Amino acid sequence: MRTTFYVANNTADLDTITEWTGNQPNAIQLHGGYNGWSDWLGSVGWIDRQFTGVDIDTMWSIPLIPYGANLAQAAVGAYDDKYLAMAEQLVAVNEDQDHIYVRLGWEFNGLGWNSSSAVGQADEYIAAFRKFVDICRSVSDRFVFEWCPNIGKTDMPAETAYPGDDYVDVIGIDFYYNTAWHNPDGTKAFEHFVRQDYGLQWHQDFAAEHGKPTAIAEWGLNSDSPEFVRLVAQWAENHDMVYANYWDSNAAFPGQLSEGQYPQAAAAFLEAFGYVEAGESAARLADRYGSDGDDIITGTAEADVIDGGRGADRMTGGDGDDVYYVDNAGDVIVEWYNAGKGGTDTVYSSVSYKLADKVENLALLGEEGISARGNASANVLNGNAGNNFLDGDGGNDTLRGAAGDDHLMGGAGNDMLDGGTGADIVDGGDGDDTLLGGEGNDRLLGGNGRDLLRGGAGADRMEGGNGDDTYYVDDAADSVVEWYSGGKGGNDLVYASVSYALPQNVEKLILTGTAAIDATGSKGADSLHGNEAANLIAGLDGDDRLYGNGGDDTLRGGNGRDELYGGTGHDRLFGDAGDDLLVGGEGADFLDGGYGKDRLEGGNGDDTYVVDCFEDLIVDWVGNGMGGTDTVQAHVSYTLGANLENMVLLGTGAINATGNAQGNILSGNGGANVLDGRGGDDLLEGYEGDAGNDRLVAGEGADFLDGGYGEDRMEGGNGDDTYIVDSAGDVAIEWFGFGRGGHDTVEASIAWALGDNFEDLVLLGDANLSATGNRLDNLIRGNDGDNLIVGAGGNDVLYGGAGADRFVFAKGDGRDAIMDFATGDVLDMSALVKAAGEPSVWSCEGSTFIGCGSDVVELAGIAPAQLSYEDGLFHLG
């Protein structure tokens, strides 16, 4: 089994470990960056340069994605190019190793700090994990991948995010023994780690079920417990683990053994993991212990551990990274060196204590409600299990409350404050601070400066104060308060993973995660951003900017001059009151500017626009069909702009619709409308069921005109036009003659006679109607009723259709052909016989011809013997 160490990505920690253990470790663990893609991609090369000339095996911990990225996007391949670049870097910096060991997307089963959290998105995590593995293996077969949950149940069952046996080579686990949370007895604490849900025993059982070796990817302790250390070593050895990696650092967790802050645990580590023989470890520690009296203890130029014991002691550390133990309010610590020469010093105190000058760090011990105060330097203050007061004073400080209901004050400087568990008060003071509430119902006070406030679990109250503040909301009961207005409080931002309404004096809201949640603005000028799901985003008052981003979103501007951007998805945008800008983006969007002079831009997709002001402007930049088929719904008279296809008039007002050079569909409303198609092949329709007297003007192209109910005027213009007639008061006009107006058709559900310049007439339905042609060569088709069909002048082609039809033929009607003469039909030539005498009957090529002078009727497919004749009437039989 390998024993490896986390070395905080620098050689100084490696040198410290080597000096402590007496040997350079055979491997170290390095962590890739997660603060954006540039940090994620650039960190591997940067870390490799820090270890130039160091001959040691490296093991890499790489986040699946950095902060700001999205697991759902990773799952569908949006970051494949970045994964490929990372794979190539890892190969380049590990060219001398047999294997490239990657712990990928670790500690995914908690929300916590992790940019790769799978909570609520296990399927996306699995798909992204597989993407990364497949891409790396396409670059090199030397990759070994570890899947590593955190110990315990945390925020999700770990196994629900298992990527599968084909994608995992080793199953790791992370755990830390923290006396603020766990049993102070190291043996009992370890037994809990073994038996708890998703503990060490589960880890072994799950790995065995999948046939995988195991590893302890991270472990550490903040207790001087040799028993716990020995039990970890024994567990790792008994289960033949690939490696056990110790967190030898005070960054994020105060567990550094190499500096001697836990002397008994450090000695046990050296023995248990085989660095020294039993009994030799004490020689590695430069300890200084006092008596029960008032002692004066002076350290060396090395890293000393000084414990004055009981009494009011004076402790002087000298050079080196010194550790002091304080248990008396009268203890005095002296560090003469400054400018970094005195090392980084740490005090462990079981009483309230204020750091002396030139001492950097202070950790409270026990469970009493005591206080820790910093100095003018950059301090790290850690609370204990009680209710603590931590005051950073000056400098850029780090304060951690741990357990209990703590009060943290950052003071001056750019501070990081973490309340931990309990109901905490976290006050940043001056400077650009980071405030973390942790668990419990916390109160966070940003103070002056550009602060970041994250309440964590519980119903938290966050007050940013002056400056440009950033808030993270993850509970519907969280509240954000900005006391300053009129720009005095800065430009503030809320990131919310739940539905949220901006309070007064906060300017910007960004929804996070993948849940379909809502964003609501305030009375001010807000900037509201959706996530990748379907969001409802409402600006309310003020001049707002709304961004839907992914998903099928609904955006409502409210009062004011608003800008609405739908993004991808099929979005619904409502400007409401004010002169608004609506941009649909990708997808089939619905844009309604509401009251005011609005600008509507649909973008790609089949978009729908609602116009209620003649000054509304619609812009569809994408032409040639790339912008989809767009429809305007108009409450006022309107003319279609370029790249718009269709228009529907709304309401009952007498308003008009005018097309453009494209093929349009123009539909009327319940009033008397003028529908003017202009160029293109248009379809003009009156509103079905209305009694409006509409005017339809087709213009150029092959147009379709349907006035609907009412007495409508339809003007076809040029092109092959089709008219729908359903009222005796309808008027159909073709202005162009002699073939210039195209070949035009009337489809009638009433008796109809073709006007000038019309070619065809088709009866609809099954009513008994009459159809009359004109002087042109007409095509007339009857319906399913008993029709009266008169071809009139010209050489006509006639179809009676179903029913008993009567074809009337008079002098001067030309040469007509009846194509479906059948039993029950009558050819009425009585007027022609009276004027020109008895007809002649002859056959030719299977049809019967009946003529009087120059007027001739052809009965297609009928033999003369089939006909009966009497008084100018012909019928079959």
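Quick reminder: no glycine exception, Cβ is built from N, Cα and C everywhere.
Remember, TrEMBL labels are computer predictions, not curated facts.
Residue ranges 421-442, 553-574 are listed, and TrEMBL annotates 421-442 among them as region 'Disordered'. In this structure, Glu218 (active site, nucleophile) is part of a beta strand by DSSP. Summarising the environment of Glu218 (active site, nucleophile), the number of other Cβ atoms within 10 Å of its Cβ, over all protein chains shown, is 25. When Cβ atoms from all protein chains are considered, those within 10 Å of Glu107 (active site, proton donor) total 25, not counting its own. Mapped onto DSSP classes, the region 'Disordered' (421-442) shows 0 helix, 6 strand, 16 coil. Note on the domain 'GH26' (1-282): its mean pLDDT in the predicted model is 89. Rounded to a whole value, the Cα-Cα separation of Glu218 (active site, nucleophile) and Glu107 (active site, proton donor) is 10 Å. Reduced to three states, the DSSP call for Glu107 (active site, proton donor) is coil.
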